[in-house]
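Beneath this line is the structure, given in structure tokens, with notes to follow.
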Amino acid sequence: MEIAFDLSTIFTDNIQRLTRTDLLKYGPKRYWAVAQSIDCLGEMSSKFHGWKRVITMYDKIVDHDEEQTTYIMWEKVNGSKSILKGLLRVGYKTLYLTDNEQNQYMEKAMCILDFFVVPTEQRSGNGFKMFDEMLKAENVTVDQCAFDKPSAALQQFLEKYYDRKDLVWQSNKYALCSNFFIGRHPTVPFTPRQTKRASRASSAVSSHASSRNTSPIGRNRPRHDSVADLMRQDMLAGVRAEVDPNSPTGLKNARDFGHRRIW
């Protein structure tokens with residue numbers, strides 16, 4: 001993509017690193033080409049990825065609460081013109097993440113927010129040059145990066161140049177290399193849970209054992225005597241103590257039972 005401005009009057013590198021401070025210094029009133037380069041590349045990136053809105057714009061970057069860094073790949077041509085080849089926007093974000101073992105993390109990661117190479121400049125190694133320059137400048141590795149909604153093209157790029165095949169997808173639409181979690185300690189380690197069926201079975205067994213051993217109903221229930229106990233009681237009832245006829249009890253018995261013993 002060609003722009004009618006000699007970027008060599010502003011930029012010092014063919015892969016120019018621009019912080020928010022740099023972008024504020026190169027304001028659109030005096031350096032309109034900087035804002036226009038970012039806006040044009042951002043619009044092309046959104047169309048290429050099929051996004052509904054443009055996510056990379058000069059105004060959004062300088063007004064954003066979080067610090068972001070933009071890389072522009074360009075080349076000077078004859079006269080006062082330049083060719084724009086690609087754009088890469090990155091920034092640190094605090095993310096809630098989960099690994100393949102369901103351990104949970106809260107990590108501040110370098111996020112790849114927008115990565116685009118102009119179609120006519122693709123298949124020439126420009127994407128790798130720009131991405132590798134970013135890794136060196138930010139002092140990170142590809143395994144330390146989190147990718148925001150990585151496209152199929154970006155996944156192929158990671159596999160081709162960095163041998164990263166299986167990304168770990170997150171509920172927030174970010175994706176990471178599996179090596180991202182090596183050496184990191186989970187905020188919430190995964191704890192296996194019982195299935196509902198196993199939980200119900202365990203509860204039923206516990207309830208049955210408790211009712212047999214500790215139920216108040218079982219403790220207060222009337223005792224049922226055995227047949228042997230009843231026979232023993234009858235035998236004991238047949239044995240009566242001898243009473244002196246002249247004692248009060250003997251006199252009472254004589255009066256009540258016609259002056260004769262009935263047993």
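Cβ from N, Cα, C; glycine included.
Here Swiss-Prot flags 1-181 as domain 'N-acetyltransferase'.
The acetyl-CoA binding site feature in Swiss-Prot is assigned to F115, F116, V117, V118, P119, T120, E121, Q122, R123, S124, G125, N126, G127, F128; the stated evidence is sequence analysis. For G125 (acetyl-CoA binding site), no same-chain residue that is 6 or more apart in sequence has a Cβ closer than 8 Å to its Cβ. The secondary structure of G125 (acetyl-CoA binding site), as reduced to three states from DSSP, is coil rather than helix or strand.
The annotation region 'Disordered' is assigned in Swiss-Prot to 191-223 (among others).
Annotation source Swiss-Prot lists compositional bias 'Low complexity' at 200-212.
Among the features that Swiss-Prot reports, region 'Disordered' is placed at 242-263 (among others).
Summarising the annotation, Swiss-Prot assigns compositional bias 'Basic and acidic residues' to 253-263.
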Sparsest-packed among the binding-site residues, when each Cβ's other Cβ atoms within 10 Å are tallied, from P119, G127: P119
Binding-site residues: F115, V117 - member with fewest neighbouring CB atoms within 10 Å: F115
Among E121, R123, the most crowded of the binding-site residues [Cβ within 10 Å]: E121
